[in-house]
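Below is one structure, written out as structure tokens, with a few remarks after it.
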Amino acid sequence: KMAAAAGAAAAGLWSEVNRCGQNGDFARALKSVNKILQISKDDVTALQCKVVCLIQNGNFKEALGVINTHTKVLTSDVIAFEKAYCEYRLNRIESALKTIQSASQQTDKLKELYGQVLYRLERYDDCLAAYRDLIRNSQDEYEEERKTNLSAVVAAQSTWEKVVPEDLGLREATYELCYNSACALIGQGKLNEAMKKLQKAEELCRQSLSEDSDVTEEDIETELAIIHGQMAYIMQLQGRTEDALQLYNQVIKLKPTDVGLLAVIANNIITINKDQNVFDSKKKVKLTNAEGVEHKLSKKQLQAIEFNKALLAMYTNQADQCRKLSASLQSQSPEHLLPVLIQAAQLCREKQHAKAIGLLQDFADQHPANAAEIKLTMAQLKIAQGSVTKACMILRSIEELQHKPGMVSALVTMYSHEEDIDSAIEVFTQAIQWYQQYQASQTRGANPKSPVHLSLIREAANFKLKHGRKKEAISDLEELWKQNPKDVHTLAQLISAYSLVDPEKAKVLSKHLPSSDTMSLKVDVDALENSHGATYVRKKAGKLTGDNQQKEQGQGEVKKKKKKKKGKLPKNYDPKVTPDPERWLPMRERSYYRGRKKGKKKDQVGKGTQGSTTTGSSELDASRTASSPPTSPRPSSGAAVSATSNVIPPRHQKPAGAPATKKKQQQKKKKGAKGGW
């Protein structure tokens, strides 16, 4: 009876589980399943249902715990997909891959999950093959989603592995497919085409979402955030940084829930800011540290963010933080250049150039494959220190770049700056020999000269001629003339060089120069001189008169006399009045000078003690009238000034009227100053 009652209860619970499952009420279904497990704790179906209910409710950790607890009952054949899915959602990607591969039967569900796992592991070639197989062997309502995933794989290959994507023939009917196609074009550098695709994706997105009446404009903008973020990235790559910043900030204001999108946008804003607007960059860094970012982005994206964090620490003078971040990056990627370059840059900011060069040298010794770029940086540091010769030695040690025209040009310029002409010529010689040996090996003994080879020979010859090494330039010029016997310019240079070394040889070679008749140009000289661009126009010859003829004949004997300028007369000049004969003498040396007259003080009305008067004081002063000297004679009387006179010399006096003019100037200054305050 008890067994029958338990069976009836279980049957009722199963019907409840079935009904809740169809309604999507997995919380209530889970309660019924737990009651069934109380009746029969090892019921395989009940355990499976419990795991499914927990997954539907988002409790992946608890679901995985149930699977691991009942391993004897829930074998890999029974629960392989659910276990792998829980591991995938818990970001245990490697464990999920092992679970899928250990399953005895590869169901369609496992294959779908396998494709997702491979994508997260960035195994794009295997992922592409998995999705192709799924699309080929599946016919259901999820075909569009599989094609979208396939296009995402192609876009990732183009972006991160720089693989030229093949045309999969996918019809871009949805905005997701259009967006992925745009990403693939960005990876190829086709930015204008990518922008057009993104604009089409935005249009398709608006159309598809506007059909749903429950979707608001804000929801549409949130969905468009990833498309707008990619548009801003294209603008940034095109150098339209202001437009890119505006669109990036517009996306951030929407506060999308995708932490990966926010982290990428924040990182891109930091790269635009560089060493400017550091306060804004420090705020944006917080978005890159959000929880779950590491599971949303690729390894290269995460690495780029860490590099920018180290650079920002350097720009904000956080030396210890910069060293810590760059050292961590170097331990993760020992062969990567950026960590060691950041460390060297930080040392240079601290004026430790020698230590920075030593750090770079150690890295170049440990990683010869990346030595070229490191040595270029070392040479730059040496130049910054003023050690140009040492910089040249470092550059010449880069074997794979020695023969490059750019490197040859740089070395020759630097040696010329140091006035080391022999070393510069040696650089030319080594590069020319390298090209000669390389071409001989490629053409099996034949010796045709490539344009780069001939260009180097030409530059070497010109350099030697410029610095007076004509004898050394002869072999280069002969080689050039041999390659092109019709080159008159080279022949002329060769004759010029031989004229100092072997004049007879120069005469022989001059016979190869074209005749003057063949070289003459049919030019109308008069028309050329009278043309609009002529700087000199010949004067037309006219008839010369007798006087003019005499002047022309006597031009060689008679010198031109300079015309004297008329002297300027004073404004108050009167021709009727005889000028003062002593006008050229200083005032104090003139016969009529009697010293400075002291001006009479004006009556000071209202000054002094109350009731006093100033007008009669001078008249009542008997001493002034008795002892006052006679009035000075007029200048015309010719009376001389006594040698024992106490008169102050005029050079030590202030000119009469100076105080008045000074007062006027002060008044003017005051007026001017009033307007300025």
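Backbone N, Cα and C define each Cβ position, glycine as well.
Your range for coiled coil, going by TrEMBL and the list 93-148, 205-260, is 93-148. Confidence in the repeat 'TPR' (225-258), given as mean pLDDT, stands at 93. Residues in the compositional bias 'Basic and acidic residues' (571-592) partition by DSSP class (helix H, G, I; strand E, B; coil) as 3 helix, 0 strand, 19 coil. For the repeat 'TPR' (225-258), the DSSP-based tally of helix, strand and coil residues reads 26 helix, 0 strand, 8 coil.
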